[in-house]
Structure formats: C-alpha cells, structure tokens
Amino acid sequence: MTTVPAHGAGRVVAPASTGRPHPIRSLLSWESRAEAAVKFSLQRWSIAALRVALGAVFAVFGALKLFPGVSPVEALVSQTWEKLTFGLVSGQAALVATAVIEVAAGALLIAGGAFARIGLVVLALAFVGILSPIALLPGEVFSPVGPTLTGQYIFKNVVLIAAALVVASQVLRGSSTRR
C-alpha cells in the first residue's frame with residue numbers, strides 16, 4: 001500500500017485511495033437506500049392499510065352486537081342509548097342501531113374513496129356514542145382507584161380515534177394550507 005501526505009498534516013500520512021469504497025461506507029449506502037425504499041412503500045400503503053384495518057375492527061365488533069349474548073358490551077350499549085335518547089331506545093333496538101352504525105362505518109371505510117369520507121362521518125357519530133358513557137355512566141367507567149374494566153375498554157378507543165384522524169388527514173379533500 002502506498003501512502004501520500006495528507007493535506008496540511010505535516011508528517012502524518014494517509015493511505016492512498018484504492019478506488020474501492022470503504023466497506024462501512026458501502027453498507028451505510030445500502031442501508032440508506034433500503035430505508036428510503038421502505039419509507040416509500042410505507043407512504044404509499046400504510047394509510048390505506050390503516051383505513052382498512054380500522055374499518056375491519058368496526059365492521060367485526062359492530063356485527064357482534066347483532067347476535068344476542070355475543071358482545072361483552074351489550075348492557076353498556078343499552079344503558080348508553082337509554083340515557084342518550086331519554087329512555088326512547090334501549091335493549092335490543094339499541095344494540096341493532098349500534099351494530100348498523102358500526103358495520104356501516106366499517107364497510108364504508110373498507111370501500112375507500114368517497115365512501116371512506118362518508119364512513120368517517122358515520123364513525124364520528126359512533127365515537128360520540130362510544131365515549132358518552134364517560135359522562136353519562138361514570139359509575140360504570142370509574143372505580144375509586146381508576147378506570148374499571150369497562151372504562152379501560154372505552155378509553156382504548158383513543159387509539160382508534162387517533163387512527164381515524166390519520167386516515168381523515170389523507171382521505172378528506174380540500175386544501176391543506178392554512179388561510
């Protein structure tokens with residue numbers, strides 16, 4: 001190997017270039033290209049995957065409410081509807097109404113396009129009902145030491161709301177610039 005004096009280094013010598021890139025530099029370059037390819041793929045498919053997954057969750061859990069005794073939140077749904085409608089809707093009618101709203105929102109999200117925009121509106125309506133027990137039925141949601149199991153079931157919906165917001169940021173039309 002030949003050495004050449006390094007610029008401004010006095011007596012220090014650096015190895016001469018062999019024309020081949022350093023193995024670490026090659027590895028880092030490959031890693032950078034791979035990361036860019038993954039990012040491109042994620043940007044292209046992740047929001048659509050999130051939209052379909054969110055739709056599937058609502059379609060499946062909504063469908064469970066159509067079958068008596070299958071959904072673990074039947075009593076909560078009935079009590080919530082009874083409070084929201086001042087006693088006009090409760091029992092099986094409340095479960096069917098909730099099931100229709102959730103299955104419709106899920107199916108519309110899965111369908112995509114303009115249907116997904118409608119599905120997001122229906123989903124917003126569903127979230128009002130899903131979160132309303134926090135205010136309407138605090139005894140079911142909270143214990144003296146923290147949320148009950150029912151409360152935890154309700155509060156985990158924050159993740160679904162965040163997912164819906166991400167989907168909405170891509171699905172809704174209009175300018176994204178501030179005025």
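Glycine is no exception: its Cβ is also placed from the backbone N, Cα and C atoms.
Annotation comment: TrEMBL describes 1-20 as region 'Disordered'.
The annotation transmembrane segment is assigned in TrEMBL to 48-67 (among others).
The feature transmembrane segment is assigned by TrEMBL to 87-111 (among others). Long-range contacts of the transmembrane segment (87-111) within the same chain, counting only residues at least 6 positions beyond its ends with a Cβ under 8 Å from a Cβ of the stretch, are 51-52, 54-66, 68, 71, 74, 77-81, 118-120, 122-123, 125-126, 129, 167.
For 118-138 (among others), the entry in TrEMBL reads transmembrane segment. Within its own chain, the transmembrane segment (118-138) has Cβ neighbours under 8 Å at 54-55, 58, 76, 79-81, 83-84, 98, 101-102, 104-109, 111, 150-151, 154, 157, 160-161, 164, 167-168, 171-172, counting only residues six or more beyond its boundaries.
Taken from TrEMBL, the feature transmembrane segment applies to 153-172 (among others).
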